[in-house]
Amino acid sequence: MNIVIDVGNNYIKIGAFSGGKLQWTKTYSRLHDVLQAVQAEKPVHVFISSVRNQTDFSALETVTQVHFLNKHTRLPIDIDYETPHTLGTDRIAAAVGAATLFPGCNNLFFDLGTCLTHGFINTKAVFEGGSISPGVEMRFKALAHFTEKLPLVKAEKEPPLTGKSTSGSIMSGVLNGIQFEIEGFIEAYQNKYTPINVLLTGGNASLFEKRLKEPIFVIAELNLIGLNRILNYNV
């Protein structure tokens, strides 16, 4: 069994793979709980994509082989990016996940987490880059933090088109703004690359999956699938 770990800014998601198939996933907020869960499984390999220091996972090295996704890791895709040393491992994992699920295709993927990112990987499995902008909670918090009177608002699945209150106007601006941002990118890529798959992942993907006009694939485990593919490519 392989276990892959995707450490984000707020949560840690782990997935167990056996025979190339995803068996289960779990999400944690505390690193201690992750270490306990992995140690209990006794996997053959552990592969980690993390925004934290590698020493945080040193306890796992006593029970199994631990590998980290970094700039030295061999990848099953090519990277066409001017600053590859700054490319986030989460974006690499998502790109590999897209190419694994839809090989030989143009794939446009959006990760709706702390940040809203998009990436594009072409039919030749070349990741060409994408964009980074504030995510849902970051936009709400920025409006409350950088103004005197605007309240902190929580996301709802059905924001109004026309806000009839300050909270409603914020809801409309943030959620409709993100929707139109995503749809704008989709249209621009469709005009240049046909056909193209559109994938959504990340904790806030559920807020938008039914609101986008174009057919999309919502794949919560996209990064985990990519990490397992990279692990198998290296061991």
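Each Cβ is built from the backbone N, Cα and C atoms, and glycine gets one as well.
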Open item on the list: Just to be sure I read the record right: D6, V7, G8, N9, N10, Y11, I12, K13 are listed as binding ATP in Swiss-Prot. Which of T89, T100, T114, T117 is listed for the same site?
Closed with: T114
Task: Nonlocal residues around G88 (substrate binding site), in sequence order (Cβ under 8 Å, 6 or more apart) - done: T117
- [ ] Based on Cβ atoms within 10 Å, give me the single least packed residue among the binding-site residues N10, T89, T114, T166.
- [x] N10
TODO: Measure from the CA atom of Y81 (substrate binding site) to the CA atom of D111 (K(+) binding site) and give the result in Å, rounded to a whole number.
DONE: 18
Open item on the list: What does the structure give for the C-alpha distance between G8 (ATP binding site) and R91 (substrate binding site)? Integer Å is fine.
Closed with: 11
